[in-house]
Amino acid sequence: MLSEQTRSLVKATVPVLQQHGVALTSHFYRRMFEHNPELKNVFNQGHQHSGQQQQALAMAVLAYARHIDDPSPLLPVLTRVAHKHVSLGIRAEHYPIVGKHLLASIRELLGEAAGDDLIQAWAEAYGLLADTLIGIENGMYGDATSADGGWSGWRPFRVAKKEIESEEIASFYLEPSDGGALPAFKPGQYVSVKRFVAEWGLSQPRQYSLSDAPNGEYLRISVKREDAAQGKPAGRVSNLLHREVQVGDVLELSAPQGDFFLHEERDGPAVLISAGVGQTPMQAMLGQLLKRGGREVRFLHAARHGGAHAMGAKVRQLADRHPQLKVHVCYETPRAQDAIGVDYQAAGRLNLADVKGIALLPDADYYLCGPLGFMRAQRDSLRGLGVAADRIHYEVFGSHPGDD
């Protein structure tokens with residue numbers, strides 16, 4: 001428990017964090033990587049170069065300072081962070097390194113304003129946060145290790161099959177190199193994949209949703225090749241996977257993690273809403289729902305056009321075999337060869353108000369995944385159509401769709 005004085009000192013830094021938070025976290029990462037360069041193999045260097053990670057950490061530090069009197073509302077966020085940490089192999093021994101450089105960065109940036117009392121207050125606050133995360137993560141590591149077919153750390157997998165799904169998405173079917181069992185993960189979860197990037201001289205982890213239901217034979221990831229666009233550099237790891245990785249190659253994987261997953265204990269309808277590569281966790285959910293049977297399923301998907309639409313034929317075949325599955329696909333800019341009524345059902349952007357007859361079902365759970373703008377629009381649309389907040393489950397690849 002933090003003292004009132006400690007909490008007051010931490011809260012007093014909120015205005016500074018609002019104004020200079022990104023400067024602080026940018027300085028922190030530069031400092032930490034200079035003194036502990038081995039950690040570059042743990043952190044996504046693409047996010048470092050884009051500034052995305054610095055921005056995310058600045059927002060997290062600010063949120064913690066604002067909630068220092070009662071951090072309990074942050075528990076869902078901390079749980080999400082812990083899942084990510086476990087997938088990256090972050091352990092208790094990493095926290096003192098982070099704390100050392102965070103406190104040093106506060107002192108170096110604030111100068112005389114960062115007196116000993118303030119540094120001590122933040123040391124205590126960081127210690128409490130670290131202990132909380134370590135406790136959550138230790139539980140997750142234990143669960144991953146004790147599960148049938150589970151493991152901790154990195155496990156080698158052989159690429160048994162590589163399948164081109166669209167102009168920009170490829171699927172990799174991965175079998176354990178050790179011939180061992182696989183865990184019954186929760187559909188919607190992800191794994192971290194580690195690949196050496198020669199250009200940087202670093203191993204780099206990336207998170208990819210598992211795109212097929214648990215089957216005991218393989219894990220499947222479906223990776224979008226991130227091309228350079230609008231000043232944004234190409235994705236190093238996704239391009240390496242597309243260009244270099246072939247059948248027979250070996251990839252290192254973490255055990256499945258993530259707090260976005262299908263609620264299998266419920267028996268009402270499930271409505272899966274996605275855009276682009278955001279359909280990958282939905283594919284795992286869809287496969288599991290149809291395998292188990294007994295629930296109405298809706299699969300709503302938005303793509304730019306048929307060339308970018310992955311797994312469309314597979315979903316159509318599933319709909320032909322399973323009458324409880326209804327599919328609605330929107331192409332924003334369909335090509336001449338894209339057949340309406342076959343490849344897609346509507347042109348333009350997905351508007352749930354236009355498909356209420358398909359999408360709105362009593363007692364349904366709604367699962368959303370896609371780009372941030374898409375996510376906010378679908379979430380707001382569902383709320384406007386009367387869907388309760390606790391029936392909407394979502395995952396954004398990148399940022400969280402919270403209010404600005």
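Please read every residue number as a count from 1 along the shown chain.
Just so it is clear, glycine is given a Cβ too, placed from its N, Cα and C backbone atoms.
As recorded in Swiss-Prot:
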type: DOMAIN; residues: 1-138; note: domain 'Globin'
type: SITE; residues: Lys84; note: site 'Influences the redox potential of the prosthetic heme and FAD groups'
type: BINDING; residues: His85; note: heme b binding site
type: ACT_SITE; residues: Tyr95; note: active site, charge relay system
type: ACT_SITE; residues: Glu137; note: active site, charge relay system
type: REGION; residues: 149-404; note: region 'Reductase'
type: BINDING; residues: Tyr190, Arg206, Gln207, Tyr208, Ser209, Val396, Phe397, Gly398, Ser399; note: FAD binding site
type: BINDING; residues: Gly276, Val277, Gly278, Gln279, Thr280, Pro281; note: NADP(+) binding site
type: SITE; residues: Glu395; note: site 'Influences the redox potential of the prosthetic heme and FAD groups'
Starting from Glu395 (site 'Influences the redox potential of the prosthetic heme and FAD groups'), work out which of the binding-site residues listed here (Gln207, Gly276, Val277, Gly278, Pro281) have their Cα within 10 Å, and give them in sequence order. Gly278, Pro281
Among the binding-site residues Gly276, Gly278, Pro281, point out the residue whose Cβ has the most other Cβ atoms within 10 Å, with all shown protein chains included in the count. Pro281
Proximal residue to Gln279 (NADP(+) binding site) among recorded positions Tyr95, Gln207, Ser209 (C-alpha distance): Ser209
The DSSP breakdown of the domain 'Globin' (1-138) into helix, strand and coil residues is 119 helix, 0 strand, 19 coil
When DSSP states are folded down to helix, strand and coil, where does Val277 (NADP(+) binding site) land? helix
Which one is it: of the binding-site residues Gln207, Ser209, Gln279, Thr280, which Cβ has the fewest other Cβ atoms within 10 Å in this structure? Gln207
Recorded positions near Gly278 (NADP(+) binding site) (Cα-Cα within 10 Å), from Tyr95, Glu137, Gln207, Ser209: Ser209
Taking only C-alpha atoms and a 10 A limit, tell me which of Lys84, His85, Tyr95, Glu137, Gln207, Ser209 are near Thr280 (NADP(+) binding site). These are the recorded positions. Ser209
Can you tell which of the recorded positions Lys84, Tyr95, Glu137, Val277 lies nearest to Tyr190 (FAD binding site) in space, using Cα positions? Lys84
Mean pLDDT, the domain 'Globin' (1-138)? 96
Students should find that the Cβ of Tyr95 (active site, charge relay system) has, within 10 Å, a number of other Cβ atoms equal to 19
Considering only the recorded positions Lys84, Tyr95, Glu137, Gly276, Pro281, which residue has the minimal Cα-Cα separation from Gln207 (FAD binding site)? Lys84
Taking only the Cα atoms, work out how far Gly276 (NADP(+) binding site) lies from Tyr95 (active site, charge relay system), in Å, as a whole number. 36
Sort the recorded positions Tyr95, Glu137, Ser209, Val277, Pro281 by C-alpha distance from Lys84 (site 'Influences the redox potential of the prosthetic heme and FAD groups') and give me just the closest. Glu137
